[in-house]
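**Q** The structure that follows is given in the form of structure tokens.
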Amino acid sequence: MGSAGGRSGFYVGLGLALASSAFIGGSFILKKKGLLRLCRRGRARAGQGGHAYLQEWLWWAGLLCMGVGEAANFAAYAFAPATLVTPLGALSVLVSAVLSSTFLHEQLNVHGKIGCILSILGSTVMVIHAPQEEEVSSLESMAEKLKDPGFIVFAVCVLVSSLLLIFVAGPRYGQSNVLVYVLVCSAIGSLSVSCVKGLGIALKELFSGKPVLKEPLGWVLLVCLVICISIQINYLNKALDIFNTSVVTPIYYVLFTTAVMMCSAILFKEWQHMVLDNIIGTISGFLTIVSGIFLLHAFRDMPFTPDLLPLFLQQGRTDLHASWRSADRHQSCQHQPLLPSEDKGSHSTEEEEAESV
């Protein structure tokens with residue numbers, strides 16, 4: 001970053017984002033362990049309307065971990081660029097996948113392992129080439145950013161497109177096309193991240209002793225955040241109820257992260273002072289994470305067997321085994337006579353007898 005204070009803040013935000021992914025990923029494992037314990041005891045399951053998990057301490061531990069993770073993610077936006085914090089949320093999926101294979105004995109196939117490696121590599125590349133945003137250290141500067149014509153046009157486009165998706169495309173295509181409800185969540189989510197960023201700055205000022213509670217912008221951002229999150233939860237639940245989770249999750253991650261990166265680039269001018277190398281590195285790291293998440297989700301229930309190899313590889317493998325077997329029974333052609341006179345003579349005699357008949 002440009003200054004020592006900015007650099008230290010960047011590393012604080014990076015650490016909070018990584019800690020958030022670790023806590024959120026671990027929370028799923030603790031909740032799952034608690035639900036499995038209840039199932040072994042014969043208690044009513046949550047999917048059947050039971051609430052016995054409220055008496056399970058492992059479930060409460062998972063809920064506490066998720067709360068800590070969300071709080072750390074909230075604080076990370078106050079220190080680091082949103083273009084860095086949002087894509088690193090994919091690491092929570094990686095942590096959950098690795099821990100589930102270790103503690104829940106859920107199989108992580110070859111595609112999943114490759115996806116985990118790609119997610120780690122992509123996250124590393126994005127951290128190295130993370131954009132440097134303009135200094136936004138107060139609500140006054142945040143208000144100036146919100147008045148930018150470019151952001152106003154972006155916000156209007158997001159709201160209009162979301163209304164069209166909800167009231168026009170939703171009733172017609174919502175039950176058959178996964179993109180309808182996921183696009184609503186992603187577009188509204190980009191605005192919610194901007195609200196989180198502003199509230200994080202407001203909390204920093206509050207802890208430093210400034211009279212933030214008297215500023216109307218902080219309360220406006222809080223109301224907008226509640227509305228945006230309510231819309232996100234509503235339509236994300238609709239998408240998950242209609243379509244498979246392995247389809248919704250990677251598509252939602254890609255569209256949501258892309259929308260947040262666009263919003264941050266317009267609102268905070270994060271990409272304005274970046275050199276070409278960092279731009280290419282950021283985009284490449286993001287696409288690498290997308291590839292890893294896709295492999296981790298899309299093929300998680302598919303066992304990797306030799307039958308899944310391409311046909312030409314299967315044919316080559318069969319021909320190889322056949323050549324090995326034939327090599328044990330036949331001599332090499334280098335040791336055979338070029339003109340086997342006896343075989344040739346016998347073969348010509350058989351042909352003459354066939355012609356006479």
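One-based numbering along the chain as shown.
A Cβ is built for glycine as well, from the same backbone N, Cα and C atoms used for every other residue.
Feature list, courtesy of TrEMBL:
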| type | residues | note |
| --- | --- | --- |
| TRANSMEM | 12-30 | transmembrane segment |
| TRANSMEM | 51-69 | transmembrane segment |
| TRANSMEM | 75-98 | transmembrane segment |
| TRANSMEM | 110-130 | transmembrane segment |
| TRANSMEM | 150-171 | transmembrane segment |
| TRANSMEM | 178-202 | transmembrane segment |
| TRANSMEM | 217-235 | transmembrane segment |
| TRANSMEM | 247-267 | transmembrane segment |
| TRANSMEM | 279-299 | transmembrane segment |
| REGION | 329-357 | region 'Disordered' |
**Q** Of the stretches 110-130, 150-171, 247-267, 279-299, which racks up the most C-beta pairs under 8 Å with the transmembrane segment (178-202)?
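**A** Counting Cβ pairs under 8 Å, the winner is 247-267.
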**Q** Cβ under 8 Å, sequence separation of at least 6 from the ends of the transmembrane segment (279-299): give me the contacting residues as numbers and ranges.
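**A** 83, 87, 90, 93-94, 97, 109, 111-112, 114-131, 245-247, 249-250, 253-254, 257, 261, 271.
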**Q** So which residues does the transmembrane segment (247-267) touch in its own chain, when a touch means Cβ under 8 Å and the partner is 6 or more beyond its ends?
**A** 81-83, 86-87, 89-90, 93, 131, 133, 145-146, 148, 150-151, 154, 158, 178-179, 182-183, 185-187, 189-191, 193-194, 236, 239-240, 286, 290, 293-294, 297-298
